[in-house]
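J.: This is the structure, below, for whatever I ask next.
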Amino acid sequence: MVYFTYEIVRLLANHPHFGITMMTADRKAGRSIGSVFPHLMAQDLPAMVAIKDADFSDVDAVFCCLPHGTTQEIIKSLPKQLKIVDLSADFRLRNIDEYEEWYGLPHKAPELQKEAVYGLTEVSRDQIRNARLVANPGCYPTSIQLPLVPLIKAGLIELRNIIIDAKSGVSGAGRGAKEANLYTEISEGLHSYGITKHRHVPEIEQGLSDASHSKVTVSFTPHLMPMSRGMQSTIYVEMAPGVTIDDLYQKLLSTYEDEEFVRLLEKGAIPHTRHVRGSNYCFMNVFQDRIPGRAIIISVIDNLVKGASGQALQNLNLMLGFPENIGLNYQPLFP
């Protein structure tokens, strides 16, 4: 979660209405943000404090970037007037039994779970505007649900045999020292993980089931790529009887033609992660498979921005009544 923290600080640097009045930390309490992330040293920010010493009297809203399993009790203890966007997974799953099954811990704030709004901005904008607590989506679920939800709602694709092959930059695995994330383990190769049991599976299936009003089960396999940031989901679907690839394209076009941060590319153009790097954009497109009746959807995001901190800021803008693009007009970095 630590990468999400610094991305929020970076994005807020150009926000005309939001200022950072407090930052909390655990082991690094008492230090400046610049001593932990030197690229932020030019910003004039308060030193980080331990959560137990935090004073929320001058705070209107909170971004919570704590590890999964630690967020629920802390948010439960925060003043009730605060607007909160939680970037952990602790409030994403409505079913608390399902949360315990996938995360191995009992839910510690079931009363707050009933209040939490799942924050996929382009899908749940009206609910987010009126929310106090927003569960910010995971990166993989964001890249997957944005193209699939409109197609499922319109009945254009079958609910069976949805296959998702997704790839992420190594920043998606966090900053902690782990053997599997060492340079020599990741570089010059492809690293599959979480096969059949990745914790984003129930979140993906919850969103797709909501769209279809029936249970949807998917095949999902994530991979780490030897790059710092970026995410691509390649999704294989069966089209409903009588549906053509142009029907899928036109539905995505009509859904997102007025959206600032979700862009359907021209027919035939292939989305690439390098074209959204550092931005809050999701680029997507749909292609006819060689197998009759099947389609291939490609969706790309920056896993740290649209997949986490950018979407979190987009949500807080909505919650506080500001245009949702404020502070998010960074153009992609290329090369």
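Cβ from N, Cα, C; glycine included.
TrEMBL labels come from automatic prediction, so no person has curated them.
Okay, these came from TrEMBL:
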type     : residues : note
DOMAIN   : 5-131    : domain 'Semialdehyde dehydrogenase NAD-binding'
ACT_SITE : Cys139   : active site
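Could you tell me the structural context for the features on the list?
T.: Note on the domain 'Semialdehyde dehydrogenase NAD-binding' (5-131): DSSP counts are 46 helix, 14 strand, 67 coil.
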J.: Roughly where does the domain 'Semialdehyde dehydrogenase NAD-binding' (5-131) sit in mean pLDDT, to the nearest integer?
T.: 94
